[in-house]
Amino acid sequence: MPADYTSTARALSLSTSPPLSSPTSEDGSYLPWRHLAPTGRRDSSSRSIRESNSLRHQVMNRINNASQRIIMTWRRMNFWQRIGAVLAAILANLLGIGFLVFTGKVFIWLKPVAEQWEHNPLVFFVLWLCVFFVSFPPLVGWSTFGTVAGYIFGVWKGWLLYASATVLGSTASFIVSRTILSKFVHRLMERDKRFAALALTLKYDGLKLLCMIRLCPLPYSVCNGAVSTFPTVHPLTYGLATAIITPKLLVPAFIGNRLRVLSEKGGEMSAGSKAVNICSIIITIAIGIFTGWYIYRRTLARAKELEAQEREGIRQSLEADHAAHRPHHAFFEDPEANIAATTLACDEEERIGFHDFDDDNVDLVLDDESGREISPKRTDGPYRDEFTDNDSDVFKDGDGTDGETYTLHTHVRQNPRS
């Protein structure tokens with residue numbers, strides 16, 4: 001018998017198909033297509049293909065998600081809302097085109113008077129006020145005024161005007177927006193868990209994250225109003241973050257100065273000098289766009305990381321409180337931060353299965369067939385699965401007779417029906 005098992009195992013281990021041999025030609029040499037590419041090159045090429053496919057997949061996913069959100073929003077609109085949305089889109093496009101045309105005309109109008117206005121303090125003050133007031137949402141033109149400042153006053157003097165008005169204007173806009181939007185902020189804090197999470201992350205990594213937000217290519221005045229809705233951000237912290245990123249404001253001032261040089265001395269400059277000035281403008285714009293895009297990506301990643309840390313801390317606190325059967329206490333002394341943490345705590349309780357009530361803590365009332373209560377007493381507190389010395393154990397007493405009825409806490413005997 002063991003020999004039969006051994007022979008059977010050997011037979012099963014043999015392959016029924018002939019072994020694959022390397023393809024050869026009639027003279028015994030290997031065919032040309034038999035030679036494979038080196039392993040390292042194949043791995044690197046496959047890795048690059050996977051990365052490109054992953055990037056393409058991410059881009060397509062974002063496009064699909066955005067289009068689906070737009071379609072869903074459009075379907076939820078009624079007739080008049082759709083008309084309003086179409087008119088708003090047309091108006092936005094017209095305003096954008098008009099703004100571009102107006103911006104181009106501004107520098108044509110400034111060319112004859114730029115040299116005269118360069119040393120005029122009144123022009124300096126008026127332009128400073130313009131930069132200050134466009135800090136309030138929904139006004140636009142902040143970047144244009146920065147370029148105009150560089151066009152009229154040069155790089156450094158224009159940057160000084162632009163930076164000082166930006167810091168003070170953004171801080172004032174922040175304070176005013178927070179005052180006006182205070183009720184809206186509290187409603188948003190209590191209902192929107194994403195808003196609450198970002199508000200909580202700004203409390204501990206506020207200055208660094210605010211600087212990253214200020215470096216992002218976001219609409220200036222709208223950004224001032226949006227950040228003001230986060231109650232954990234202090235106005236002075238926001239002003240300090242704006243002051244820290246003021247070197248970024250050298251870009252529009254430098255572009256404005258180069259435009260003036262090209263407009264005034266373009267006829268006298270050689271082709272090489274013109275090319276250098278034009279290339280410097282293009283390179284400066286490209287650096288600004290790339291830096292803004294990179295900072296935007298890093299800002300989103302940092303915000304997600306901080307949100308995960310805050311959620312983990314809140315989750316551990318909830319689990320510890322539930323394990324110890326103690327009520328949840330305030331997460332922070334700051335009331336605004338505590339509101340945000342409470343909103344996240346509710347979301348975490350839903351995720352991990354905790355609720356504000358315990359399904360076992362229910363009061364039971366047993367009635368007989370006539371609808372009369374047969375339990376002579378009811379406890380004021382919730383029901384607990386535990387026995388006292390005055391209560392009887394239903395499993396100890398057995399099934400009992402047909403005339404006996406048991407509640408979970410009290411053994412009640414009924415007289416048999418007559």
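Heads up, the Cβ atoms here are built off N, Cα and C, so glycines get one too.
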Can you tell me if Swiss-Prot, going by its topological domain labels, places Phe79 on the same membrane side as Gln316?
no
Segment assigned the feature transmembrane segment in Swiss-Prot (from 159-181, 205-227):
159-181
Give me the stretch from 122-142, 236-256, 275-295 with the greatest number of Cβ pairs under 8 Å to the transmembrane segment (159-181).
122-142
Tertiary contacts of the topological domain 'Cytoplasmic' (104-121) (same chain, 6+ residues out, Cβ under 8 Å):
144, 148, 151-154, 259-260, 263-264
How about long-range neighbours of the topological domain 'Lumenal' (143-158): same chain, 6 or more residues beyond its ends, C-beta under 8 Å?
103, 106-107, 110, 114, 117-118, 123-124, 127, 130-131, 134, 220, 249-250, 252-257, 259-260
Integer mean pLDDT for the topological domain 'Lumenal' (257-274):
75
Can you count the other CB atoms that lie within 10 A of the CB of Asn65 (N-linked glycosylation site)?
10
For the topological domain 'Cytoplasmic' (104-121), jot down how many residues DSSP puts in helix, in strand and in coil.
12 helix, 0 strand, 6 coil
